[in-house]
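What TrEMBL records for A:12-38, A:58-81, A:93-110, A:116-135, A:147-166, A:199-217, A:246-267, A:273-291, A:298-320, A:326-347 is transmembrane segment.
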Amino acid sequence: MPFRLERRAEPATAMVALSPLIAVALTIVTMAALFAALGKDPLAALQVYFIVPLTDTYSLQEIAVKASPLVMIAVGLSLCYRANVWNIGAEGQLLIGAMAGSWLAVATHGTNTGPWLLPAMLLLGAAAGALYALIPALCKIRFGASEILISLMLVYVAEFALDYLVRGPWRDPAGFNFPTTAEFDAAATMPLLIAGSRLHAGVILGVLLVIGAAVLLGRTLKGFEIRVVGAAPRAAQFAGFDADRLTLTTFAISGALAGLAGIIEVAGPIGHLQPGISPGYGFTAIIVAFLGRLDPLAILAAGLFLALTFIGGEQAQIALKIPQDMAKVIQGVLLFYVLACDSLILYRVRRTAAHRKAA
Amino acid sequence: MHKAMMAAALMLAAGCAGATSAAAQDKPAKLKIGFVYIGSVGDFGWTYQHDQARKAIVKEFGDKVETTFLENVSEGPDAERSIEQLARAGNKLIFTTSFGYMDSTIKVAKKYPDVKFEHVTGYKREPNVATYSGRFYEGRTIQGTIAAKMSKKGVIGYIGSVPVPEVISGINASLLAAQKINPAIKIKIVWVNSWFNPGKEADAAKALLDQGADVIMQNTDSAAAMQIANERGALAFAQDSDMIKFGPKAQLTGTISNWTPYYLARVRAVLDGSWASADTWAGLKDKMILMAPYTNMPEDVKKLAADTEAGITDGSIKPFACPIVDQEGKEVECKGGDHLDDSQVLGMNFYVKGIDDKIPGK
């Protein structure tokens with residue numbers, strides 16, 4: 001290897017804080033180059049991507065709707081990642097939560113239930129997500145299994161379970177065998193904040209959860225424990241913090257939030273259970289968590305920014321015929337720059353002596 | 001830095017607003033037509049065929065229309081937003097080209113009563129939502145006939161996508177036609193639970209060939225199975241579009257969905273004001289489905305295939321001619337006189353006798 005990374009003694013504080021902004025700026029420059037390569041006016045394209053969606057209320061609402069599950073899941077994941085345990089299976093926990101909550105909606109379909117139905121669905125969704133996330137956590141502390149692999153593989157298990165339910169027992173009897181449940185009753189759907197839009201109460205819940213997580217991390221002993229266990233496991237041991245219990249706690253919280261996000265999506269924008277309820281929210285949320293540097297408030301901003309790339313990408317497809325894959329390229333480029341900036345701020349690149357001789 | 005960015009943003013926004021309003025005043029009103037695609041336009045299957053029809057619209061109507069498409073739109077929470085974005089962008093006719101867009105299409109249609117929607121394969125309609133689909137089972141009758149003639153081992157491998165009536169009726173039509181040639185023919189089915197998943201489709205094709213099938217039929221969209229069949233010296237049928245490039249030695253024929261005549265007619269109807277919501281289900285006769293050239297088969301099989309095609313087109317051959325016996329050996333009620341009627345095919349949820357399998361989830 002001609003180059004190696006060397007840890008900087010003292011990374012510049014200003015740079016550490018600015019890192020995500022630098023990453024965003026570099027992403028925008030890269031995009032402009034890509035747009036130009038596609039033969040589009042880069043300024044016009046950037047404007048459609050990042051400015052136009054912010055100028056009308058419809059797009060702003062849609063950004064909030066899109067960001068809500070991403071932020072909710074990412075906040076939960078950030079607690080795990082801070083504690084240095086790796087829940088990669090939020091997508092599966094989301095699906096399990098969606099299924100558990102939908103069970104109530106399907107079971108009570110067509111009956112006149114009270115206002116308890118929706119809160120019960122949300123609670124059930126969160127509880128199921130938490131329990132599902134505890135499987136990899138328990139395997140890790142009991143058998144030393146890799147929580148990364150197990151949580152990831154459980155995503156596929158959840159997908160098949162969902163497939164089974166909507167193709168089999170929960171299939172809409174009037175639906176010609178198509179794999180979907182009947183549309184949920186009004187009592188089983190999220191109330192809308194603005195009639196005629198898709199802005200639902202889950203968005204507010206998402207903001208409240210961000211505040212809750214910020215308080216938990218910054219102001220409570222548990223939050224301190226999470227940070228210490230993650231940053232200095234030996235010090236945490238001496239302080240008497242139980243790393244195993246913390247693994248269980250953070251996995252349960254992140255699972256609960258993913259499950260909640262799942263049932264909110266189903267009871268909100270979708271309105272029924274079907275395969276493909278999530279376009280990979282559980283995985284995109286990992287980008288959001290890191291873009292937000294595992295800080296709840298920054299995650300809120302990161303989630304909104306990523307949602308903006310989705311909405312803007314769609315509008316660019318309509319207005320400028322820019323291929324949809326561009327939005328995915330942007331998200332990939334963004335994650336690349338975030339990781340690169342962080343690495344280069346914490347480390348410096350050195351040419352190795354051996355290489356110098358050879359040259 | 002912040003202020004400078006804001007200022008730049010405002011300038012850009014103002015510039016763009018000026019440009020669009022000027023453009024709107026200069027040109028006569030074009031009919032804007034939107035398309036929502038489940039896959040990418042380069043899938044060489046389902047979405048590719050819809051995009052071919054879009055291109056035909058552009059060619060036919062030129063300046064009178066402007067088309068826009070959104071590709072890879074998932075059937076989850078994003079579908080409704082994508083459709084609504086097209087409606088908000090001024091599209092007055094919107095084609096939503098996957099079954100899973102049904103509820104989203106209906107929801108957006110209720111919000112935009114002056115926009116007309118065309119939803120493929122769905123069963124929910126509104127005064128401004130029409131539905132359309134192809135009689136794909138007609139193509140299966142021809143495929144089943146050819147398969148029975150060409151299979152040396154008497155085993156057809158079938159890659160199923162999603163067990164909805166359209167797919168079930170395709171399997172049944174294939175076997176019914178094949179049994180006429182070879183009463184002992186077997187059909188093996190692998191479900192991939194997806195419409196487009198090249199990896200899984202390839203695995204399914206390999207598994208079917210390993211289990212003794214030597215002719216592959218598929219109800220999935222990619223050319224993966226065709227490529228596997230070509231590599232392993234087996235035969236296969238193309239799906240949705242001609243896949244001969246992927247299987248020059250393997251492709252027998254294929255059912256091609258040809259949306260162009262319908263799309264042109266619907267655009268014309270909007271332009272002359274005669275558009276109305278309807279349910280269109282058309283087949284070989286109306287050229288909504290076409291057969292790819294008959295290749296890799298002897299002349300007598302070619303002739304038999306062409307005769308079958310002609311028979312279905314003129315109505316003398318009925319793919320679901322009675323009597324039809326289901327898996328349990330019970331004769332199916334014959335609602336259409338001498339054949340099953342459309343409602344029975346549209347809601348088909350049983351296998352015919354001779355299929356050694358169970359419909360998933362049943």
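The backbone N, Cα and C atoms fix where each Cβ goes, glycine too.
Because TrEMBL annotations are produced automatically, they should be read as predictions rather than curated entries.
The transmembrane segment (A:326-347) shares the most Cβ pairs under 8 Å with A:12-38, out of the stretches A:12-38, A:116-135, A:147-166, A:246-267, A:298-320. Residues 20, 24, 40, 44-45, 48-50, 52-54, 59, 62-64, 66-68, 70-71, 74-75, 78, 207, 210, 284, 287-289, 291-292, 326-327, 330-331, 334 of the same chain sit 6 or more residues outside the transmembrane segment (A:298-320) yet have a Cβ under 8 Å from a Cβ within it.
Counting C-beta pairs under 8 angstroms (sequence separation of 6 or more), the transmembrane segment (A:93-110) reaches the transmembrane segment (A:246-267) with 3 or more such pairs. Nonlocal intrachain contacts for the transmembrane segment (A:58-81), taken as residues 6+ away from its ends with a CB within less than 8 angstroms of a stretch CB, comprise 52, 87, 90, 94, 194, 197-200, 202-203, 205-206, 209-210, 213, 216-217, 226, 230, 250-251, 253-258, 260-262, 264-265, 268-269, 278, 281-282, 284-286, 288-290, 292, 294-296, 299-300, 302-304, 306-308, 310-311, 315.
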